[in-house]
Amino acid sequence: MEATAAKPPLHGLTFSRATVANRAFAAIYTCAVLALLYQHALTVLNSTTFLSFSLFLTFLFADLLLGFMWATGQCFRMQLVHCHVFPENLLKVTREEDFPAMDVFICTADPDKEPPMSVVNTALSVMAYDYPAEKLSVYVSDDGGSALTLFAFVEAAKFGSHWLPFCRRNKVVERCPEAYFRSYRSNETKKIKVMYESMKERVENVVYSEKFTDDYITNEQERQAFNKWTQGFTRQEHPTVIQVLLEIGKDRDVTGQSMPNLIYVSRQKSKTSPHHFKAGAQNALLRVSAVLTNAPIILTLDCDMYSNDPQTPYSMLCYLFDTTMTPELGYVQFPQRFCGLNKNDIYACELRRVYLINSAGLNGLAGPNHVGTGCFFSRRVFFGGPSSFVSPEIPELRPDHVVKMPIQAQSILAMAHQVADCKYEDQTNWGSKMGFRYGSLVEDFYTGYRLQCEGWRSVFCHPNRPAFLGNAPITLNDALNQIKRCSVGLLEVGISKYSPLTFGVRAMGPIMGHCYANYAFWPIWSIPLTMYAFLPQLALVNGLSIFLKIELLTNRLGIAKNGFNLTSKVLDGEQSKRYDQGTFEFEVESPMFVPLSTAAIVNLISFFGGLVGVFRGGDFDGLFVQIFVAGFVVVNCWPIYEAMVLRTDKGRMPTKTILISTFLAWALYSAASHIDPTPRPLEDTHPSHMTQPSQATQPSQAPHLPQSTDSTQPPSNETEFNQKVLAEIPESLQTTEVRDKIFHKVFGEDGHGYCKTYGAGVPRSAVYGQSSYLSHASSFSTLNEITRQVREATQEIEQRLSIEIEQWLSSEIE
Ligand SMILES: O=c1ccn([C@@H]2O[C@H](COP(=O)(O)OP(=O)(O)O[C@H]3O[C@H](CO)[C@@H](O)[C@H](O)[C@H]3O)[C@@H](O)[C@H]2O)c(=O)[nH]1
Ligand SMILES: [Mn+2]
């Protein structure tokens, strides 16, 4: 007891007070959402024409999806905690000698898209970690199978022997050379900078010319490695290349201290074997590293995610090295942070919600999902759940296997080659029960999800100084492609047999399961978004109102105020200026831009069309929400209009895209304008009646009655009844109370079974058909007769109302 009290803490946790507020908010908002959906459902049931029925059903569906996304999104907010680490205490409770060994995996796949110099920078930034070098191994996986990348690393190994002691001596915090030289310049740095620049020049010369001459090769070992790039060597078809560039204990820096291991791995590739992309590469690294070093801790990094803080392993150890921590702790995830985003992050690539907000929310539950990079794993998690070990095929791959031979030993290297073989995984558990999981394009999400389903927990570590910094796409086309790949990958998980909604909820409980479902079904946002981008606007040209009317004037003013505030915010000078910079890139002829620009055109036309309609005396109340939605989209589409018409630079939209989307917008409009909107559903949610009092008082004008209607027969269904009879009651009297009065007058108190299901004051007799109708009110045997009676009752009530108003007015005057 005393001993534990004496030890300073490595990490702390506080529960957030926001949790209570979040839960209360979620409860109240849920009621509002349910009420809205109920109202929607009534509207669907009450619709009187096929057109309105389909339209309202569509919106019910859209809002159900939005409701689902909203509800699952709340799960992230149900138990917020704030976590802190105290890395400064680490050396008070343990010694550096006792630190566990660590294997770092860096993946790269294409020397053209991922410049070798940037991969080298990432590697150098972690090689220079404040961590005992003899416990650190950096593995570079090159799926591009590129001699250029290997060459860059040969150079990096040499430069590293100067860079690592330089960082130690000067207590450099920015240990990614490129980032360091960008921000620091002094006499002290001159020498090392010259070294860096000359390395960079050599590498880039080779990369640009795509070949290197013999004088770049300095020793026999290098020659042997490069000799593997024979005639038939291609990216998709080549043998394994494993090159140990630096070896602990053998290679020393310029001050005589040991360098960490640096190992280049390009796994074997064959067109006949699936390679499973990054997950496949990481599994190959898991095995190769197991054979060579088998460190209990693994850090995974994308090639563009460099370390921004040499102390990060200390923060990680505060969790993974703390014996009081739950034994189920499987990984410590740091958020993805980015450098070089422009001020407004115009392609929304920072993903703060995913990487920061939601991860912090998950931290109070079973822990954050894995985001592919910046994650420290316990090697054990890749071999089954905490209490269900899945044994690998050979003992050398077991997480508890101790490597006893130097990494360059013949037998060790031979086995490393063997486990990097493209056929090695055939008939094994790799990718299904072991290692990174296959089956989704977002292998990181899927792997983390499956690990948590197995019972592993995780921790989100988010120090003030970003632990890692990466690059985000800088063109719209790249950003959209990333979203597309991500969407496909997420849906692959969503609809798989491991769907979070079924499997996940069972394995992790409802809250965690629904958090994962929120991600896995994230792409379905596109469905309501598309509907809201087109349908209200197309309905607007026809003057067809499709949203709930806001009954109370005060409410309406409130909403109107908020709404217009929002709009004007985006339209202000500063924001317009941002778009004026023209940083959006539309120059690629991508079909992905077509829906965007079509939506932009449709919304623009609808917005102005709607406004013109209203100024000409249209129904502002009814169409307000649609005009607002269209206006909102228009504001958001501003960069698109610019790219279509205003800009002359290279980033403007190609004429072809403009033509196609204009044509599509036109086609949609002409299709929509052929739909006659006049037959309107009658519930008081459909205010378009207000503008047509004449129609309402003249039943004979009720348009588009079904052909079969015979006014000399009793009404046989609800539609008929609605269209003919309810139309007699003017909009101003369409409240439940007044309608009740009218029907009581006509059908009598008991003869009129007020049919709640239809909610529109439909007498049950009218719905149930002739026989029950006749038994209740035999004198109203025809539709015409009922219509006449309702008209009379309505007129009577109107008269009484006007008398009462007159009396009230005169008493007021007195
Ligand atoms: O066959 C492949 C394909 C990709 N990669 C590497 O995978 C990483 C991520 O690829 P990138 O094109 O940069 O994808 P992003 O969309 O930027 O990556 C995000 O999404 C990926 C898939 O969900 C995650 O793996 C990443 O960690 C996450 O940052 C890069 O280092 C690539 O070199 C491979 O090693 N082999
Ligand atoms: Mn990336």
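Including glycine, each Cβ sits where the backbone N, Cα and C put it.
Heads up, TrEMBL stuff is auto-annotated, nobody curated it.
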Query raised in the report: Besides LYS113, GLU114, which of ASP63, ASP130, ASP143 does TrEMBL list for that UDP-alpha-D-glucose site?
Result: ASP143
Query - Annotated recorded positions GLU114, ASP143, ASP302, filtered by Cβ under 6 Å to ligand 2 - result: ASP302
Query - Separation of alpha carbons, ASP143 (active site) and LYS278 (Mn(2+) binding site) (Å) - result: 8
Query raised in the report: Excluding the flanking five residues on each side, which residues at least 6 beyond the ends of the transmembrane segment (592-615) place their CB within less than 8 Å of a CB in that stretch?
Result: 476-477, 480-481, 484, 530, 533-534, 536-538, 540-541, 543, 586, 623, 626-627, 630-631, 633-634, 637, 640-641, 644, 653, 657-658, 660-662, 664-665, 668-669
Report task. Starting from the Cβ centroid of LYS113, GLU114, ASP143, which together make up the recorded UDP-alpha-D-glucose site, report each further residue of the same chain whose Cβ lies within 8 Å of that point, ordered by sequence. Result -> THR108, ALA109, ASP110, PRO111, ASP112, GLY144, CYS303
Report summary line: Reduced DSSP state (H/G/I helix, E/B strand, rest coil) at LYS278 (Mn(2+) binding site) is helix
Requested in this report: Within 10 Å of the Cβ of ASP143 (active site), how many other Cβ atoms can you find? Include all protein chains, please.
Outcome: 22
Report task. Return the residue, from the listed binding-site residues LYS113, LYS278, with the maximum count of other C-beta atoms within 10 angstroms of its C-beta. Result -> LYS278
Requested in this report: Look up ASP143 (active site) in the DSSP assignment and report helix, strand or coil.
Outcome: coil
Report task. Tell me the Cβ contacts of ASP302 (Mn(2+) binding site) under 8 Å, same chain only and six or more apart in sequence, or just say none. Result -> ILE106, CYS107, GLY372, THR373, GLY470
Query raised in the report: Between GLU114 (UDP-alpha-D-glucose binding site) and ASP444 (active site), what C-alpha distance do you get in Å?
Result: 19
